[in-house]
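Feature list (source: TrEMBL):
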type	residues	note
BINDING	28, 29, 30, 31, 32, 33, 153, 198	ATP binding site
BINDING	54, 76, 77, 78, 115, 116, 117, 118, 122, 159, 170	ribonucleoside 5'-phosphate binding site
REGION	48-78	region 'NMPbind'
REGION	152-162	region 'LID'
Ligand SMILES: Nc1ncnc2c1ncn2[C@@H]1O[C@H](COP(=O)(O)OP(=O)(O)O)[C@@H](O)[C@H]1O
Ligand SMILES: O=c1ccn([C@@H]2O[C@H](COP(=O)(O)OP(=O)(O)O)[C@@H](O)[C@H]2O)c(=O)[nH]1
């Protein structure tokens, strides 16, 4: 196989039927919170890459459990093959359910893929081989705000990475590995940036307006709301 073979691969899901929106933003920016709101508004299937990895980590008999645990505790990005396969399987399962409602007729589907892609290799491979994304919904706020939110979440989340040491590592990985992904999609004019510093409901209204515009065919360049 030549080094360029992947560029001729057809994605598993056709973007004219299956809408994929990547939801990005630093740890604790509010991605999961806002995805839950957008599920209510638009009937998306919400797939959190982190949740899928944590479920696989805890699945009895998984050959990846210990590896995933180590990566997550260190704030590192799990090798992409594992995460992409989990996402593809979950997308297939949602489409096989034959859901009803807007966006799910005739083999169609709409997905919020939360916390992914966090690294360039994942971004390129998913777009080429699984489904070409339609939009990146990018939640922005300060590290100070994210740290505050994560330490509070850590009081009840039970997550092994919601402690100050892991959080600092996640910030570093985010800046070094995920910001280039945002840059990559900026060049494709696919990024909608939402200031996530306001209240949950204010951020929700802004995110909702972005998705309404997307479905109305009104987003053809990077936008900031
Ligand atoms: N706009 C907001 N203002 C204050 N707290 C928020 C806001 N959005 C989310 N949170 C809280 O911050 C924490 C992190 O949010 P979460 O949605 O889990 O972030 P992410 O999925 O980006 O890591 C949660 O405890 C959540 O309740
Ligand atoms: O595509 C992904 C998404 C998540 N993670 C791991 O899962 C952790 C938690 O991610 P999640 O999105 O659940 O939480 P966030 O850091 O945004 O609060 C990350 O720090 C990574 O270690 C990963 O390896 N690949």
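Just so you know, glycine gets a Cβ as well, placed from its N, Cα and C.
Feature map: TrEMBL annotations on the structure.
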residue	record	DSSP class
28	ATP binding site	coil
115	ribonucleoside 5'-phosphate binding site	coil
122	ribonucleoside 5'-phosphate binding site	helix
153	ATP binding site	helix
198	ATP binding site	coil
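Panel annotation: around the region 'NMPbind' (48-78), residues 31-32, 35, 86-87, 90, 113-116, 118-119, 122, 159-161, 166-167, 169-170, 172-173, 177 of the same chain, lying at least six beyond its termini, place a Cβ under 8 Å from a Cβ of the stretch.
When Cβ neighbours within 10 Å are tallied across all protein chains shown, the highest count among the binding-site residues 29, 77, 198 belongs to 29. The binding-site residues near ligand 1, defined by a Cβ under 6 Å from one of its atoms, are 153, chosen from 117, 122, 153, 170.
Residues 54, 76, 77, 78, 115, 116, 117, 118, 122, 159, 170 are listed as the ribonucleoside 5'-phosphate binders, and the farthest two of them sit 24 Å apart at their Cα atoms. Checking the binding-site residues 29, 115, 170 against ligand 2, the ones whose Cβ sits under 6 Å from it are 115, 170. Per-class residue totals from DSSP over the region 'NMPbind' (48-78), listed helix then strand then coil: 20 helix, 1 strand, 10 coil. Counting every protein chain shown, the number of other Cβ atoms lying within 10 Å of the Cβ of residue 170 (ribonucleoside 5'-phosphate binding site) is 23. If you take the C-beta of residue 122 (ribonucleoside 5'-phosphate binding site) and look for same-chain residues 6 or more apart in sequence within under 8 angstroms, you find 77, 80, 83, 84, 116, 181. Distance between Cα atoms for residue 30 (ATP binding site) and residue 115 (ribonucleoside 5'-phosphate binding site): 10 Å, as a whole number. Among the record's ATP binders, 28, 29, 30, 31, 32, 33, 153, 198, no two C-alpha atoms are more than 17 Å apart, and one pair sits at exactly that spread.
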